[in-house]
Amino acid sequence: MAPSPSPGPAAPRAAPLPLPLRLLLLLLASEYALAALLPAREATQFLRPRQRRAFQVFEEAKQGHLERECVEELCSREEAREVFENDPETDYFYPRYLGCIDKYGSPYAKNPGFATCVQNLPDQCTPNPCDKKGTQACQDLMGNFFCLCKAGWGGRLCDRDVNECSQENGGCLQICHNKPGSFHCACHSGFQLSSDGRTCQDIDECADSEACGEARCKNLPGSYSCLCDKGFAYSSQEKACRDVDECLQGRCEQVCVNSPGSYTCHCDGRGGLKLSQDMDTCEDILPCVPFSMAKSVKSLYLGRMFSGTPVIRLRFKRLQPTRLVAEFDFRTFDPEGILLFAGGHQDSTWIVLALRAGRLELQLRYNGVGRVTSSGPVINHGMWQTISVEELARNLVIKVNRDAVMKIAVAGDLFQPERGLYHLNLTVGGIPFHEKDLVQPINPRLDGCMRSWNWLNGEDTTIQETVKANPKMQCFSVTERGSFYPGSGFAFYSLDYMRTPLDIGTESTWEIEVVAHIRPAADTGVLFALWVPDLRAVPLSVALVDYHSTKKLKKQLVVLAVEHVALALMEIKVCDGQEHMVTISLREGEATLEVDGTRGQSEVSATQLQERLAVLEKHLRSPVLTFAGGLPDVPLTSAPVTAFYRGCMTLEVNRRLLDLDEAAYKHSDITAHSCPPVEPTAA
């Protein structure tokens, strides 16, 4: 509270007082001495009422004297001075006395209003000059007055509110609210006022089990928070955790798939991209193991044309009868295919030199009569050897490394007369007609390599220039057994995985067992997959991937999946340059994945596994295609991986070794039976 204002100015020295009045003043002085021992405010409140009582006798005497001098009679200023015996009160009284005369007339008019007007003039608290709301009492002084203020008020007239909050926040811990004549403490939201009316206590909102509904409640100073698992956000309206659709935030560079509590980004694997370290953006799939990819410009690759059509076509014309002479070096791991054809058209005389079960086979047709003969050693061991074909007067002689392995009697010549010339067609790596028209059908596709060829004593120099200008016609300088997938294509087969029991009425069963021997050159790619053309669905896939999609962790894994759902994962050291064996086995109620004999970890519950296997079985009852090394153009979300495989691989499906020469389709850059080795520095 503001201190009470001081009384008005002291009066000048007055004339000697009468004895009775001096005795009263002495008594009053003793009262003041006692008050000095009290605190200031109590002393003031104690003293002033007693001061009023001390002057009571004097005031009554003064009032009677005033009645005689100035009410019953008309008094001058000097007479009024004699009544009040001091100048301040006289100065206050007399002008107002004249005002009463002006208003009510002289005393002699005997107007009752005049008497009341004069009698009230000495009391300066009548009318009360103090503010009614803020004043406790008004005290009349000599020519002055004193307003005793209530708590919370100040000023001479007690008309000014005291802002208790301006000093030390009114003693409040948090919020102080000032109001006229008072104040009160309050607390911030989440706190409640203590019993002392000044301090605040935190409210534990989590004590109410319904505070957050389904979410977890965490109490905080003055508040609380409703917490959800990562990937979920709290809905205050529903009091529940709702999935956050991260895909709406544009986190993924290419394709985003939202899932409860998470999301997955997908990159265009067929375009050579994979997820980068941040799991949101994409980066190139780069080789992690260097293979010896060098090619020989002096070699001719026979397996370039998957259609089985020849890679080289030559036509010789002679004026005189001429006999065939051909010699070349040859290397292959392929057990079957066509090396060359020589002769006329399909219905005339011709020979086909081929390979069946790793041995040379000769098919020939003379004068409409076909024959097949096979002899000699197994030559599909990957080593270079020299092969020659020589047409003699009545024989054909086939030699391997200068040793004759076949000598066949023939009745006619391979060069046939036509329009005055002798003609001979020679094709390499295929035949000029369909293989079904051979004496004995054979798969014409041959993954083999030829060098140092010599056709009819070197009359074929243009072939060397053609091969030199086209790397796709050249062979790898060094190869090993296996199939090489360059990371740019796939092969597919039409296989049936349903098995019909012999017992009539028994339901069909299904089984998928795959063994893949792989030596990867990159860390991402599809090894094996099934595809339903009508639905563009991928019911099953096995692939290399370098991240864990749910944990968003970079790790080299093999993933087994039905559609886009991973059933099992297994770690693999994919970039060590070594061969690894990946095995999968799926049948009703069971799905396993093994890498190098170690079983992978299941990624689904038993119930989810049965649901996924039911989906797979449903797809298997429709026509499916079996893919090796990649997938066709499918949506990126169809499977965990869509990238092409890069590296060496052989596949065995349901205990049958898949021969890429027997595929329904194979990309021309995939070598069916040869694979470049890992560079020695990387092995």
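Backbone N, Cα and C atoms are what each Cβ position is placed from, and that goes for glycine too.
Per TrEMBL, the features are:
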DISULFID  Cys130-Cys147  disulfide bond
DISULFID  Cys149-Cys158  disulfide bond
DISULFID  Cys648-Cys675  disulfide bond
DOMAIN    53-99  domain 'Gla'
DOMAIN    121-159  domain 'EGF-like'
DOMAIN    161-201  domain 'EGF-like'
DOMAIN    202-238  domain 'EGF-like'
DOMAIN    303-475  domain 'Laminin G'
DOMAIN    482-675  domain 'Laminin G'
SIGNAL    1-35  signal peptide
Which disulfide-bonded residues sit within 10 Å of Cys149 (disulfide bond) - Cα, from Cys130, Cys648, Cys675: Cys130
Candidate with the highest Cβ count within 10 Å, taken from the disulfide-bonded residues Cys130, Cys147, Cys149, Cys648, Cys675: Cys149
Taken over the domain 'Laminin G' (303-475), the model's mean pLDDT: 92
Cβ-Cβ under 8 Å with the domain 'EGF-like' (161-201): same-chain residues at least 6 beyond its ends: 1-2, 133-134, 150-154, 220-224
For the domain 'EGF-like' (161-201), residues assigned helix / strand / coil by DSSP: 7 helix, 16 strand, 18 coil
Other C-beta atoms that fall within 10 angstroms of the C-beta of Cys158 (disulfide bond): 26
From Cys158, Cys648, Cys675, the disulfide-bonded residues whose CA lies within 10 Å of that of Cys130 (disulfide bond): Cys158
Candidates Cys158, Cys648, Cys675, namely the disulfide-bonded residues, that fall within 10 Å of Cys147 (disulfide bond) by Cα distance: Cys158
The domain 'EGF-like' (121-159): DSSP-derived helix, strand, coil residue counts: 0 helix, 15 strand, 24 coil
Cα distance (Å, whole number) from Cys675 (disulfide bond) to Cys158 (disulfide bond): 107
Tally of DSSP helical, extended and coil residues in the domain 'EGF-like' (202-238): 3 helix, 15 strand, 19 coil
